[in-house]
Each structure stands twice: as C-alpha cells, then as structure tokens.
C-alpha cells in the first residue's frame, strides 16, 4: 500500500508540491530495452502545459523533464530503458512570490484546503501544495513512458462537454482536437465554447466539463477480475485526478435506462474473420476484461474552486470569514484534464498489459 | 497485488464460483477484541439473498455463513475477533442440475462469457462461474465485519432509479427502504416500479438501475491523497461490482454543468460550534479526504444480459449463432446491488479508518 | 499489504487456528489451464503430516485437502485451473479436548504466547491458536500448486543438522531422504539422529535443527532488484516459518570468512556451450537475480518451546509462575520443516516466475 | 508490488545508478508534523560516505542530500513533514571518467554483472549501475527519516567479524564504535582488523564480514503474523542489501544446537514491575512479534567481487575470458554496511510501528 503510488506492475510514484523546487515521479516496472528520449515525454507535457491560451491558468511553466535514472545507451546510439526505476523530474519555475495571507488562513469552499488541514494539521498552502494540479505534470510524464510499452494501443482524449454545451457527436473529428484550445473534436462546438468561456473568465467564475478518453487496439483479455478489473482500475485512475467527481465506462450512467436487449452488444464475425460487435455499450469491457472493442471512458471535472467571487467560509481558527481568490485564475480546469486522462488511461493499460502477461504468458 | 483482494489494511479476499461447493472470503487486518457473531453477518446476507420477491432471480439460497477462523471467546461469554484472519464460508445449495449446452458453447452478448473465454481459454460456464453475482454474498459478509470496526458510521443505500423512473427526492424516507422489495426510499415510486418491472419480467427483458449509498458519521480526515483518495477507492469498489458502468460522488456527472459559485459548498459555524457546510455538492470528499459531511455515492447498474430474447452472437468455435437464456431470470439485477453497495462502502471506510489511524494516530 | 498473505503475483493467503474447525488458504494468481487434482496436493501434505514417527508430535490429523474453487473440467476429463482463486480447506480432526488451564493463563518461555497476548490482548491459547505449526499445512498445500506452474524446477529439501550433529556431505544421497524419518540425505547420520533424538524425547526436552532446500532448473534471470530480490524473498519466506531464527543463501554466514578470490564463482563455457560455474558460493543468486545455478538455502529452526521441564515464567495477570507443558510433545520440530521449506521455496519461485514474465515477457 | 520499493506503510522507493546524474528516494507514508532538516539526514549519510579511511573505496562523494518535497514551515520557524511524499536527492559527483572496456564486456565472477545481463539483455556497466552500493546512500537517507518517527527506539550497529576475526563480546563498548574506522565495538579487535585489512588491501584482495544491529526500546507487540512478522521483514530488509548472504535473529544459526531448556528465555518480574527476560536467545521476537527485549539481528556480507586478481569468466558474447578489476578497490565492503543495516532496521521498525498502530490503535 502506498498513498502516492498508482499501478501494480507498472508503478508510478509521484512527489512534489506546487511551489516546491521541483516535482516528479519514479516509474517502476518498465520493461528493459525500450527506446526513451526526453523529447518523447516532452511532447505530452507540452500538451498539458499551462498558459497556452486565455482559457487556462496563466502560470508560465516550461515543464522541462529530466530523466535521472533508468536509461542507458544500447551501444547503437539510442538511449533505452534498463528495467530499473526511471526517475523523472520537472523543476518548478514560476512559483510567483506573493502574499498568501488570505489563502494561508482561510479555506476556499470546494477546495481541498479544508480537508488537508483537518487531516494533517498542517498544509502547504502555497498554490494548493500537494493538492495542486501541478502534480499532474508527473502523471503526464509517466503516461508518456506507459505509451511506449503498449505501442499497439492508440489512446486519444477529447473534451466533450463544457457546462451544458455538449459536442455534436455526428461531427466528431479526431483531427479537430488539436486545432482548437479545448481539445474539442468538433470545430463548431469549439467556437461556442470560446464565447461561453470568455464570459465565464471575465466574470471571474469557472465551469465544469466532461472528458472522454478512448483506447483503440486493446486486445481482448486484459483485466483481472474480480478486484483488478480493467474498468475498476480506470475508474480509480480517473477519480484520482484533481476535481473529478464521476467516471463512466461505455454507456455509463445511461446504462440504467437501457433494456437488456439494447444493452447487449451483439456479435457477428467480420470480413476479417474476427469477432465484430454491432455496438459498444460495454465500452470495451465485460466482466472487467477487455473485449477487443475500443475502451471508452468519460469523466466529469468540477469547476475550479478558486474564483474571483466572495464566498462564505471559515478560517483555520474556526472563525467565520469570507474568501475570494486573487491572481491567476483557471476558468475551466477540465480543458487540461484531457492529456491527463489520456496519461492515466495509458498507465492503467500498461499495468494491465504486464499483469496479463504475468498470468497468461 | 492480487486479483481477488480488495482493500489495503482491511483486506477482503474472495473466492468461489456460482456452482461450486461453496464461496467465501478471508477478511484480514480486522482489529482484535471486536464482538462478532454469525447472526450479525447473517442479517446483511438475508437482505441480499436471492428469491425474496418476483423481481429478482428465483434461485433459492439460504446463504448461511460459517465463521471458520479469527474469533475466540473473550472469557466472558462473547465471541470476539482475535486480530487473525477471519475466514467466512457460504455453502452453495441450489446449483440446479441442468443442461448447460447452449451457454457452455455460446457467448451471451453483454455478458462476461466472451471476455473470460478470450482471457483464460477456459471458463466455468455453470451460472457464470466466477463472474456470477453469487460472489457478492462474500462481499456482503465482509461488509458486515467492516461495519463492526467503524461503529460511529451509518451506511445506508437505496435504489434511486429503475429505467427512466427516478425517485422523488422530496419524498425521500429512509424508513421506506425496507418496506418494499426494491429498497426504494419513496413509497409512491416503489408502486410505479412494481408495475414497470412486472412488464419487464413478463417480456423476459431486463432493465438497468441506479443505486445511492450514503455514509453518515465519517469524520473529517479519512483518505490518502493522491492515489489512495477516499473517493478514488469508492469508485474502485463500486466499479468492481458486477454490471456497474458508472460511479458518481456528490454532484457526479452533473458537476460538469455547475459554476464555481454553485459548486463551492460554503462553510459556516453551526450551533454546535462545528463547521457546517451549506450544501454538499462534494459528496463529503474534497481533495480525496473526507470533510465530515455525509459521503454520497451513486452507481449505475446495467440490465442483466441473461434475457429470454434471442440475440446474435458467436460460439466458442468462432461460428455465428443465436442465443437465448432459459431458466431463472433476473429482471433488474440492480435491486440486489443495494446491500452490495453498502457493503463495499463499509469495506472502503473500514480500510481508510485503519489507514488514517496508521499515519495520523 | 496484508498480514496473512505471501507473494505478489502468485499469492497465498492462509487462515485458521490449531483448534478451530478447519484451516486453509486461498491461492490467487495461478495461471489457467493447469491440471490440478487433490491427490497432487495430498502427496505433499502426507509428507508433512504429524504423527508419522515417534520423533514428531503424536497429534493425528489426516490433513485431507478439499479444493473448493478455481478448477473446472477441461472438457477432456481433466480438472484444470481456471485462473480464478483456488480455495483449499483442511478440516481439523484431532483437536484433543482437554483442560487448557495452565497454558491459558501462563506464557510458555520461548513461545509466541506472550507476544500475541501483548499485541492483541486476547489469544486463542488452544494448541497455540494461529501461531501453531498447524498453519503450515496450508503452506504445503499452496506449495503443491506452486510446483505445478514451474514444472521445470526441481525443489528438494533435507535435514542437514540436528543439535550439533551435521550430515556428512560427502555421503549426500537425495534418494536417502525419503528412506528415514528425518529427511536425512545420509543414512549413517540418520542412525545417529535416531539415537540422539530418543534421548531428547525421553527427557522431555527438544532440540534445534538446520534444513537445506535446493532448487534446480531455475533459469538465469529470475529476481527483481533491488527490493524484490530472489534471495530477499527466500529469506522472507523461510523466516516466516514458525521457529526459524536464521536464513542462509549459498555460503551464508561463512561468506564472512571468504576472500574475494574464494568467493568469486568463476565461469567457463561447458561442453554444452552454456556458461558453467566452477563453484556455487553464491547459492545461485547474484545481485538478487538467479544465475542458472542451483538455488541453495538453509535455515535454522529453534527447539520447540513446549517441553516437559518446568520453566520460570509469568501469567496473564503479571504474576511470576512456573510452567511445564503436558501432553503431546515434539522433540524436534525442525524435521517437519523440510516439506514446509520446500513449499515456501516453490511459492517464492512461482511468484518470481510470474514476475519475471510480466516484466521481460 | 514494486521492484524498487521497501515497506508497506512507511515506504521507501529508491532510484538511481552509480554513474547517473543523481540517486535518491521517495519516502511515503511519513506522519505529518515531524521536524525534519537536511542536517538530520546528513549526519547518517556522512557515516556511510565512502573514502573516509584507507579501508573503504576511494571514491569521493560529498553525498549532500536535498529535500525536494514533503516538508513545510510549521509557522514557528521549524521545517516539518506534511504527510505528503518526501523526495530526497543526492547528486553523484565523482563518477570518474574512464574506459570501461573490460568491465563493459566481461562479467566479474561473484558480481551482479552476469545476472543483470541475463535478465535484462542490457546493463549500465558503469560502476555497477543499479547494483552498485551507491544506492545504499538512499537507504541511509530514508533511514534517517524513519528514525524520526520512532524516537523512543535506539538503533545501533557494529561490525562484529572480519574474516575469521571476531570481536571479543566481553569487551563490547558502544562508545568504541565511532572511535575507529570499522565501527568496531572493541578497541583491541579494531587494531587487529587494521593489520589484517592492510594485508588484504595491499594484495588487492577482499574479505567478508558480519554486522550486528540492535534496536532497544521497541515495545512489545510490533509485528504482524503470519506473513508480516517483524523478524521476517528484518530478514527481507537485510538480505536486500548488496552482498548480504545470511541473516540471523537472536541466537540465529546457533539455535540449531540449543535444547528447549536453553532456548526458552525465562521470564520474571523486574524491580520496575515489568516483565523481565533472563536471556535473549529470541533476539527480541517471538511468533513474529516484538517482546520488549532488544531486537538483535546479524548479517553476513560477502567480500567484494572487484578484486585485483585475475579470475576466469566469460564475456557478453559467451566467450571464455579472464578479468581483473582495476582502479578503486574496496577491501571490506562490510564496513560501510553498518550504517546501512541500521537504516534498514529503522525503516522496518517505522513501518511496523505504523502497521501496529493501524490495527491496534
């Protein structure tokens, strides 16, 4: 058991606070002989990096990753993994010097401030300390390593809902995802979100969102019932991300409204002689085991609790108070959750790939 | 890592198949000196037991639990835990002898049949084998033990949606839950469900449902961020239950539509001098740590895949086929998920109680 | 983490007390499709069974194992594993009814009595409860399953020292091991031990012993440095056996007296073109990883603390007292540790086989 | 499960290679509010640091530790733990640039070279890579943190044997330990060792050693039978240290020669009204649980395999070859194992303190 480790055979232990000197992770269990250059990790960090549009926090962090261990030259000019732990470190750069007075002593409603203080009796209040979304940089770095060990699996994410504005699934285009600042798979909806979020941003408010992550190419058989089910671990992974309040697999909550006939994804034999499902309400998982269909997961992210509106709260002395966040502000923290969700999916799948190989060979 | 164990310090390892001689679990990590009689476990098993109304499967199982280890006389006439592993066993009684021909060779769409076969190359097809909901009897037994070590916590569950018929929350009455065969907290909705489910049952179909589980009395501070968050473990626990496709904490998926102002549960000081939240969108968890508010979780259960309608599938030889389930039929497997959800909540909370005590004292 | 589970991917969770209705274990992580009949387990239980000679305890237990889950017909008349947890149960039969008065209230010096009471505040004093060597029956049963998944590995154990009488290694004969009641690999020494132990037995005393376990056929590469080293896990496994006070790998304690030249097992290429070590001070493990040489382990077992001589102690009320064990008596508990040591070696190797396969493929 | 993590509730994950840019560890599970300054860690690193006498390797490493996360000001000028993961990093400085030609392609007999290559197909041969004793700096740093959470426990180690020269236990003086370059508790023996090791050093050879670690002040009750026994975890911890080939608790291997009467540590009530053992053959552990007596452990370290004498080996192409190590040389690697053994004892005890508190409160 560990408080700060995720995964069983592919294990990620993260460390670091928002305003400490650095953050990072140790990736353990990676097979040897896998080419791994910093640039391969950096591309995913760049996707998650803050301050890339006016719709996310303006903190400026280069998020440059250093590989401190676990790789070596393969003698042919490539740097490869050695099977030993891979230590990844990212220096914090833009820990803006400021007066934390208000945040140091008052709990922001909806924020982890209160719960951390009640648990630990002490908290690093600078930028949220350990509960800051800064930590997710380490997840994204680890996810980049995870992708390398399941090269046949393609993992992509998209933002599918902001407030009550959902994407039009009939217009879904994966190529659109990188062409707008929202990871939106539908260009028309991206325009609507820009307008909507400008309003949210200017009013100092924030709004929730839904992210969808799809993994294609997962072979049938991954997952370890009954308590290491693939969907169970995906739920655990996504719920561990800051601000996530719900996780759905396949039909998700809507499964409650389906009849047995509707829900049962019928099977035929495809032109290639392989089993072919006629629908995917299961989201690629039955009985906790992958079926060979795309693994489909969605999760809801609540609005950031650091808003520019005054809210009722109490302080660390138990006195009633009002609090209002100043400074950098993130109108929709859900946007940057897209690469994070992808990373967590990659980590879960890499772990289950190894677990499957252990038991089945 | 274990495939069939749940929990870290309060650990439950379950075993057994639907049609084997018995099923059970080993509960490890239970503190010593806790009174534990079979009857205390039996009451929860009785709640989950099949065949108690026409709305659940007609399999008749007494589900009598035996405590095989881990308890001893305290010298004053009471049987108490000794701190050693508690082995609980339930004999299977009503494994109806029948011809499994069709099920043995054809995969029921929407069922774990296909995935198990692809993974293991062999499966115990009798009644679903290991993937059967029979296994949940062991969870309920373990949950009864879990409740004993967190006596200040009250855990209750209810069915809140069947198909598209939701309970009327303004009429919520916990006392109503045990007064109808659905664990419905609203007597009027229970009547509607009875009609609706009679239709589903007679047509040989099935329907999904949503369960809500609430834990009151959880003190602030339980939960181990970042990868042993309380809500993360609840999500993992609920998603490990058969047929569950989504898990929500507090506002759940609806958090996507909330603004920061709406979502932030404001805090005041109550008449008792204790912090008092003005709302509970957080579902009692912030930053993965309990806040002292009720912990609120919902999960969606898909319709059972064993229906009396013919569906397209393939067989174990890769040939296209049609399949239709015969015999005992469960129109809404979600009903019996209520005591199971309660049990899993109890197990997660008992585990986190011990984990919190380890680190904080 | 679990108190009563050993192993990571091949996991054994044991339960049960000396005088409870039964004891057993759950074996999790076993690959599917492996033939497994009760008789294959029974043969090892028979080897460990008490009461087979006058040199071990006279408790009469048939130790018949029941397989309660995890196996199914492969359709060709064989029972095979399904990849789901294997529950094994052994009924206790000869829990002799007696007055536990003295043992119930006084701590036997050298016995776990005292420590259990100090930890738990309660203990099942009947026959030692959970700390009884009865529990090792579950280990032996699990070890039998472990052997089935590493069929190329041959694991054999022998008693190599009783008191200060050591076997003559120049006369080592594996075939002799099953031809005497001591698992002694040297017939001449077995005769000496018989005489010696008759004296010990008649005087109501007891004596320690050393067991050696050798695993041949372990390929190079098993072991997971730095904290899942093969020899580390062997040390952990052997030290978990009742009464074990020391574990040696290869040269063991004597390594302290070796020079670098002596200790370095030189390597040549053998007639078969494979690497061939000229000695095996390493005991088959370098850097925590197997080398392909036989894995050699020894462990020392202290004399049983239940002796017929009066000893000074205290009682549960903290009063000074004298205590003397009556009834069944085991002059050299080390004898029966031979099959137990073999079982633990099998469990460690099966676990590392799966772990190696996970990371390396 | 993790390859590079030790401990369950107090968990240490180490990373880094001998010649990489840095090495370090993440310490997870540390309770909050514990004062922790770099200097408190540094003092133990200084004790382990290489190059402090002519009897250890001449590599010059300052071993300066950086605390990268997990601490914060307590508002009163002290830096304390926050309950979040503590990341410790030590830069490598003296990675001497040289031609690794011979070592890169030939396996040193008795060294992990061969086994790593067989397992991973690649190895960082510079200074032993991951298998280097450099990694133990991270253990010592983590051990310093561990000591802080069990302040009532005093952990001390000593070198008790070099080659066949043992300390005279009648002259044991803990104060002598820091007064000679061997951590020898007996000044007279230290003189003998100096002579003896000068001979070893000049001949380019090496020699094994035995270390003893004693923990005083451990209360009765720590340890989690049956598979988380205190002595089991100590054995695992010590065997995980480079070059260790055997571990003893209390009487150790000599327990084999004890009678039941000799072995049973009798108990009386002391002048303070507390139980008082008349001997400590048990080494402070019975049934896997601490008794309140000093916990006593010894372990044997083999001679370093890097010697200046030519030895027979093979190379990575499977060709026979001779190899001789050049450059820095460590005549008795056992010396520096003293602070490492202390650190591992501290880590095990801190872990068991938390585990005990979880289950017992």
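Note: Cβ is positioned from N, Cα and C throughout, glycine not excepted.
TrEMBL labels come from automatic prediction, so no person has curated them.
Residues annotated as NADP(+) binding site in TrEMBL: B:48, B:54. Residues annotated as FMN binding site in TrEMBL: B:130, B:131, B:132, B:242, B:243, B:287, B:302, B:303, B:304, B:305, B:306, B:328.
Features recorded in TrEMBL, as mapped to the structure shown.
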{"residue": "B:48", "record": "NADP(+) binding site", "DSSP class": "helix"}
{"residue": "B:54", "record": "NADP(+) binding site", "DSSP class": "coil"}
{"residue": "B:130", "record": "FMN binding site", "DSSP class": "helix"}
{"residue": "B:243", "record": "FMN binding site", "DSSP class": "coil"}
{"residue": "B:302", "record": "FMN binding site", "DSSP class": "coil"}
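Rounded to a whole number, the C-alpha distance linking residue B:306 (FMN binding site) with residue B:48 (NADP(+) binding site) is 19 angstrom. Using a CB-CB cutoff of under 8 Å against chain A, the binding-site residues that qualify from B:48, B:54, B:130, B:132, B:302 are B:130, B:302. Residue B:132 (FMN binding site) is 14 Å away from residue B:48 (NADP(+) binding site) when you measure Cα to Cα.
With B:130, B:131, B:132, B:242, B:243, B:287, B:302, B:303, B:304, B:305, B:306, B:328 listed as the residues that bind FMN, the site has a largest C-alpha separation of 44 Å.
Rounded to a whole number, the distance between the Cα atoms of residue B:54 (NADP(+) binding site) and residue B:243 (FMN binding site) is 20 Å. Less than 8 angstroms from a Cβ of chain C: among the binding-site residues B:48, B:130, B:132, B:243, B:302, B:306, that describes B:130.
Distance noted between the C-alpha atoms of residue B:54 (NADP(+) binding site) and residue B:302 (FMN binding site) is 19 Å. Listed in sequence order, B:206, B:243, B:329, B:330, B:331, B:332, B:333 are the same-chain residues at least 6 apart in sequence whose CB falls under 8 Å from the CB of residue B:304 (FMN binding site).
Fewest Cβ neighbours within 10 Å among the binding-site residues B:132, B:306: this applies to B:132. Taking each Cβ in turn and tallying the other Cβ atoms within 10 Å, the top scorer among the binding-site residues B:48, B:54 is B:48.
For residue B:302 (FMN binding site), the same-chain residues 6+ apart in sequence whose C-beta sits under 8 angstroms from its C-beta are B:110, B:208, B:243, B:244, B:245. All protein chains shown were included, and the count of other CB atoms within 10 Å of the CB of residue B:243 (FMN binding site) stands at 25.
Long-range Cβ contacts of residue B:130 (FMN binding site) within its own chain (separation 6+, distance under 8 Å): B:16, B:17, B:18, B:116, B:124.
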